[in-house]
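Heads up, the thing below is written out as structure tokens.
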Amino acid sequence: MTLLDGKALSAKIKEELKEKNQFLKSKGIESCLAVILVGDNPASQTYVKSKAKACEECGIKSLVYHLNENTTQNELLALINTLNHDDSVHGILVQLPLPDHICKDLILESIISSKDVDGFHPINVGYLNLGLESGFLPCTPLGVMKLLKAYEIDLEGKDAVIIGASNIVGRPMATMLLNAGATVSVCHIKTKDLSLYTRQADLIIVAAGCVNLLRSDMVKEGVIVVDVGINRLESGKIVGDVDFEEVSKKSSYITPVPGGVGPMTIAMLLENTVKSAKNRLN
């Protein structure tokens, strides 16, 4: 069994981004990511801090806008509009979840597609579905693909199962795997018999937010397992959606949690931001 070490790969990517940023600075461009946080969700605050720290590590300027929980939708839209028209800002990220009185879809669509480094804008989703690399790809699925590529895992002809059908991970992940030549099944909350799919799979990607959802009796020998889940137990320990101890015994490759997909997600956010800055140069 080989661990898919996202922490090590993300560190390597950050070093490469440092060099790219030094080149851009020599041309008068400083990569800049604007992050908007609405409210005081503790998990969101932690994520925003980690993103700001990661930006600093590879020479990206980060602007954090921490807005009050009672910020109106129009006030948030006005800030995004200002950032859309600010040429010194190359990426805009709105930290989810948003308060209930704000429409998430409307907010995400208001970010200009050329600064949508999360890859959620309908235009960027369209590029992905057409198999084009013109736009930005969602960070978590992109991070998974880079991780698999780094370990020279050939996806062509693989039977792949994705557990979870969210717009953030499951759906774009399915499209990327399809574009890479895999045969893809997407399972979700209404799937009748999950094991029927997982037992036949060469590759399983789990993104459901459910502890121990994937157990060893549900997988075949030699399976490749990517665990996107992040769950905090009462003890404070962070675990994924996979029973790691048992499933790893049957896996050829598996991601740890933490240290697998999480660091890659942030690395891809940074990479998309630098890509946007480079587009400005071109």
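Going from the start of the chain as shown, residues are counted 1 onward.
Just so you know, glycine gets a Cβ as well, placed from its N, Cα and C.
Less than 8 angstroms from the CB of A165 (NADP(+) binding site) sit R171, V186, C187, H188, each of them six or more residues away in the same chain. Under the heading NADP(+) binding site, Swiss-Prot lists G164, A165, S166, I189, I230, citing sequence analysis as support.
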Position of peak Cβ density within 10 Å, selected from the binding-site residues I189, I230: I230
CB contacts for G164 (NADP(+) binding site) [other CB atoms within 10 A, all chains]: 23
